[in-house]
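Reviewing the structure listed below.
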Amino acid sequence: MSPATSQAIPAPAFTAALAAYDTLRAERLPTALIQGRRDFFGAHAYERADGPGTFHTHWGEHGRPETRTG
């Protein structure tokens, strides 16, 4: 990967495979963005990493207050 990158040679299959491997070995996946988008567009709620339960953010209100839903 490094030689291709340093020579500015596109290697989309290798970079995709590397990204997939990084995802497999990650301790915590970056799903917070997806959960936040789902909550924003449809009040689906989300889980937080700092404690148990599910929450919904009132995105249109000042200060974006949270409500615990479960």
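Note: Cβ is positioned from N, Cα and C throughout, glycine not excepted.
Annotated features in TrEMBL:
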DOMAIN    3-59  domain '6-phosphogluconate dehydrogenase C-terminal'
REGION    51-70  region 'Disordered'
COMPBIAS  58-70  compositional bias 'Basic and acidic residues'
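If you look at the compositional bias 'Basic and acidic residues' (58-70), the same-chain residues 6 or more away from its ends with a CB under 8 A from one of its CBs are 39-40, 45.
DSSP places the residues of the region 'Disordered' (51-70) in helix, strand and coil in these numbers: 0 helix, 7 strand, 13 coil. On the 0 to 100 pLDDT scale, the domain '6-phosphogluconate dehydrogenase C-terminal' (3-59) averages 85 in this prediction.
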